[in-house]
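Participant: My questions will all concern the structure given below.
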Amino acid sequence: MASLTLRCDSTHLLPSRDVVKGTKPFGTSLVYPRIISKKFNVRMRVIPEEGDVFSSSKSNGSSMGIELQPDLVSFGTLAAEMIPTTMDSPEVEDEEFDLDRPTDGFASIPQAIEDIRHGKMVVVVDDEDRENEGDLIMAASLATPEAMAFVVKHGTGIVCVSMKGEDLERLELPLMVTRKDNEEKLRTAFTVSVDAKKGTSTGVSARDRAQTILTLASKDSKPEDFNRPGHIFPLRYREGGVLKRAGHTEASVDLTVLAGLEPVSVLCEIVDDDGSMARLPRLRQFAQENNLKLISIADLIRYRRKRERLVEFTAVAPIPTMWGPFKAHCFKSLLDGVEHIAMVKGEIGDGKDILVRVHAECITDDIFGNSSGGKQLAIAMRLIEENGRGVFVYLRGPESKGIDLSHKPRTYNTNSDQAEGVSFPVASREYGIGAQILRDLGVREMKVMTNNPAHYVGLKGYGLSISGKVPLITTP
């Protein structure tokens, strides 16, 4: 693939850049097929076949103009960093030279997209380094009674329909609980359940469920077309899809959009014959027996990040801190315009064994430091300074889980100040913005500073891996 390199003197920050927008496959300008850059003191690379989802750390600059090989620019995967003229920055090779190549034992994403387009189901595994749970997924607009009978026979019976927020709002389907009150393990965004009023009886049969799903998928449906509660469970899709949250909800809609269909999909977890959740070996056997494509969310992440981005680099500057000097790398979210900061210490080099902390913004903790969140921020920065090499990613705004200011003081009455949950760490499935930032900084293998025992899913899709975890010990 190609690379775009701009080298200018490093005496000024990036003043301006003109972007010619391209296609918008997911409703937001995530793909930039052409980039026209004015003079600025930044080195930029269009990274071959690279792109993005998680969080943490990551030539001298005489003016040379532009070196361009054009075939890669269409994917819009642009990384950029300000570089002092006195520093050398080694090129980081992409270990995953072909982001379209599926993981061994899995079908390719284009094969799955083609099946979705023709109304077939695919089996999607959430993360092969996690629990390997699999979902049956198909386009909601192509649902049939026969397909629903198959889903109910081989699934949990909880049939869900993943939808975008604007469609849920159009149908007046609110979340079952508010986001801050969502205690479900994976923070899946369930809305109230529904049945279609027309063409159904009890709502539970395969035919009735198919009718409800088709009604949900129809652009002509209205709020009054549904009974509440019912037997189909709509789920709210996170904008940005698997590049934002590495879950089945997002994967299912991404697949239907890539197939050129309405952004509404059916999904149901697969169970084994004994009623337990089917794991990867059994899922592979199940897919073969039923002639279904088996894909992983990690592969879908790789497929999308080759073509799209969620963040763009804006500037970098040296910043003195109470712990020592760092470089602040600023990135802007293309989803909501929120700017995030990566505080980098030392040289990323080969990207291995990097000490990393991903921290969600919390004003009361971070500024006033009265709870574990502020203490953990300070400890993480100190550890990075002592280590001489590391990255602290500070995710702002919506990335901090949308916690309102009134909610935080109420947590002080719960006696849970010692738990990391009070500091609102980023959910393990919602590292999309941070993962792209880390990848752009050159991070490949990291030691994550966290007190959270949860596994982080979807990292493989970004070429990221965790070599260890470092606890952040705070004192009362």
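Backbone N, Cα and C define each Cβ position, glycine as well.
Taken from Swiss-Prot, the feature transit peptide applies to 1-54, supported by sequence analysis. The region 'DHBP synthase' annotation in Swiss-Prot covers 44-306. For R130, E131, D135, R245, A246, G247, H248, T249, E269, the entry in Swiss-Prot reads D-ribulose 5-phosphate binding site, with the evidence type similarity to another entry. Per Swiss-Prot, Mg(2+) 1 binding site is recorded for E131, and the stated evidence type is similarity to another entry. What Swiss-Prot records for E131, H248 is Mg(2+) 2 binding site, and it gives similarity to another entry as the kind of evidence. The site 'Essential for DHBP synthase activity' annotation in Swiss-Prot covers H231, E269. Summarising the annotation, Swiss-Prot assigns region 'Inactive GTP cyclohydrolase II' to 307-476. Residues annotated as GTP binding site in Swiss-Prot: R357, V358, H359, A360, E361, Q376, E399, S400, K401, T450.
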Participant: Can you tell which of the recorded positions (H231, H248, H359) has the fewest other C-beta atoms within 10 angstroms of its C-beta?
Facilitator: H231
Participant: My understanding is the cutoff is Cβ-Cβ under 8 Å with a sequence separation of 6 or more in the same chain; which residues meet that for D135 (D-ribulose 5-phosphate binding site)?
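Facilitator: Long-range Cβ contacts: V123, V124, D126, H248, S252, L267, C268, E269, I270.
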Participant: A246, E269, R357, E361: which of these binding-site residues has the highest Cβ count within 10 Å of its own Cβ?
Facilitator: A246
Participant: Sorry to bug you, but what's the C-alpha spacing from H231 (site 'Essential for DHBP synthase activity') to H359 (GTP binding site), rounded to the closest Å?
Facilitator: 38
Participant: Sort the binding-site residues A246, R357, E361 by C-alpha distance from H231 (site 'Essential for DHBP synthase activity') and give me just the closest.
Facilitator: A246
Participant: Round to a whole number and give the Cα-to-Cα distance in Å for the pair A246 (D-ribulose 5-phosphate binding site) and R357 (GTP binding site).
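Facilitator: It is 19 Å, counting Cα to Cα.
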